[in-house]
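Straight from TrEMBL, the features:
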TRANSMEM  5-23  transmembrane segment
TRANSMEM  29-47  transmembrane segment
TRANSMEM  59-77  transmembrane segment
TRANSMEM  89-108  transmembrane segment
TRANSMEM  120-138  transmembrane segment
TRANSMEM  165-188  transmembrane segment
TRANSMEM  200-220  transmembrane segment
TRANSMEM  226-246  transmembrane segment
TRANSMEM  253-272  transmembrane segment
TRANSMEM  341-364  transmembrane segment
TRANSMEM  371-400  transmembrane segment
Amino acid sequence: MIRLILYISLGFAVSFFLFPIAFTVLPSLNTKMILAVLGVMFAGMNWLKEKEIRVSKGFLVSVILALIFSFVCYYSTDINMTTDYAYASYILSFTVWYFGAYAICSMIKIIHGKLDFTLITYYVTAVCVFQCIAALLIDNIPSVKLFIDSHVQQGQEFFEEVGRLYGIGAALDTAGVRFTIVLLMITATLNNDEKVRSNGLAISLLLISFFFIAIIGNAISRTTILGVGASLGYLVVGSSIFRQAIKKYSGKLSLLFGLFLVVAIVVSVYLYNTNKEFYDQMRFAFEGFFNFVEKGEWRTDSTDKLNREMWIWPQDQQSWIIGTGLFDNFVYSTDIGYCRFILYSGLIGFSVFALLFVVNAIVFMKRHANYWMFFMILLVLTFVIWLKVATDIFFIYAVFYCIDSLNAAEEPVEEEVYENSLLHPRYV
């Protein structure tokens with residue numbers, strides 16, 4: 001019972017990291033900041049215990065790029081005489097994400113005695129399923145909605161105004177991006193973890209979660225469809241699932257995937273035809289699919305608006321090079337990531353920001369060869385997501401950096417690290 005309570009508590013902590021919220025009693029402090037403070041404490045204790053500070057080359061390069069990006073953004077605000085420091089303080093956001101991830105990873109390792117990709121996948125999957133269930137409860141049970149809205153501050157007034165589902169910190173494109181990444185992590189685990197592939201219960205739970213997040217998550221944010229498409233493609237290319245189905249009909253993964261796919265379709269079709277609210281949610285979630293079936297054209301209202309109104313670019317050479325120093329408050333009336341980043345920090349700032357994610361992906365593709373395709377797809381998705389929304393997905397790389405850092409403390413690592421003093425490094 002005690003361990004169950006610990007697991008549930010840890011699940012809430014992961015949710016507070018993945019979907020940060022602020023409480024109405026203390027609106028200026030969100031859960032990500034609280035976790036970052038805990039992360040600093042965990043890191044400090046580990047450094048004192050090991051009597052050294054290890055910084056991998058990959059992470060050091062990421063820190064340098066984050067600093068350069070922050071400087072470029074600050075220079076843009078200075079030269080344009082604005083006070084919009086949305087990304088001028090990016091190094092602070094970068095640091096908060098890293099230490100927040102450090103707290104989560106440290107707690108998982110303390111409770112489970114180990115820390116790896118699969119274990120993280122289990123937790124983030126459980127959190128996303130919880131968020132989808134919470135969104136349905138908030139939408140259908142007034143007392144639950146009243147309780148959440150009275151204790152959590154997350155801009156729910158806007159969600160209600162536009163008629164969108166929301167969980168506890170999970171809404172709009174922010175939720176969609178996280179659902180996309182988690183769906184990809186589920187697929188990576190099914191493709192690469194042999195223990196999971198030989199465990200029927202683990203496969204079943206992951207596949208049930210996958211389809212549940214794919215359906216309800218898409219009703220919360222249609223950005224989730226990117227994760228669905230990328231994950232299915234990854235499953236086909238990165239797994240032997242269909243070759244197994246041909247050669248060995250009893251293959252657990254292939255059979256269970258087919259079974260749960262059929263169940264998901266049947267249940268969805270039934271609810272679509274019998275439940276008005278589910279009907280409306282599915283019409284929104286899969287608007288493109290319904291338009292294609294009914295009108296022969298794959299389109300959505302939001303995509304039409306993006307293409308019609310939101311491709312807005314700088315109007316002069318200086319703005320193209322260094323930006324206008326304006327980002328917040330929807331100042332240019334565009335959601336498109338490429339437009340917003342370039343308008344804010346110019347091609348110089350955007351190039352540095354993009355390079356940060358290229359470097360992160362390459363670092364982990366080299367460190368974890370079995371998961372190279374996962375990190376490649378994650379990199380591609382970063383640039384695809386920016387076609388729709390301006391977002392920062394460093395939070396997931398922060399988790400992977402922390403996994404490597406905490407595991408490296410238990411074994412010798414043949415990589416360059418800085419020890420004791422950044423001014424007097426020793427290379428090992």
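Cβ from N, Cα, C; glycine included.
A quick note: this is a predicted structure, and the numbers were derived from the prediction, not measured.
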Stretch contact, the transmembrane segment (5-23) with the transmembrane segment (89-108), Cβ-Cβ under 8 Å, 3+ pairs:
yes
Are there residues at least 6 beyond the ends of the transmembrane segment (341-364) whose Cβ is under 8 Å from a Cβ of it, and what are they?
56, 58-59, 61-62, 65-66, 68-69, 72-73, 76, 84, 86-87, 312-314, 319-327, 332, 334, 371, 375-376, 378-379, 382-383, 386, 390, 393-394, 397, 400
Which listed stretch (59-77, 165-188, 200-220, 253-272, 371-400) has the most C-beta pairs under 8 A with the transmembrane segment (89-108)?
371-400
Any chance the transmembrane segment (371-400) and the transmembrane segment (200-220) are in contact, meaning at least three CB pairs closer than 8 A with a sequence separation of 6+?
no
Intrachain residues whose Cβ lies under 8 Å of the transmembrane segment (200-220), provided they are six or more past its termini:
121, 125-126, 128-129, 131-133, 135-136, 164-167, 170-172, 175-176, 179, 182-183, 186-187, 189-190, 227-228, 231, 252-253, 256-257, 260-261, 263-264, 268, 281-282, 284-286
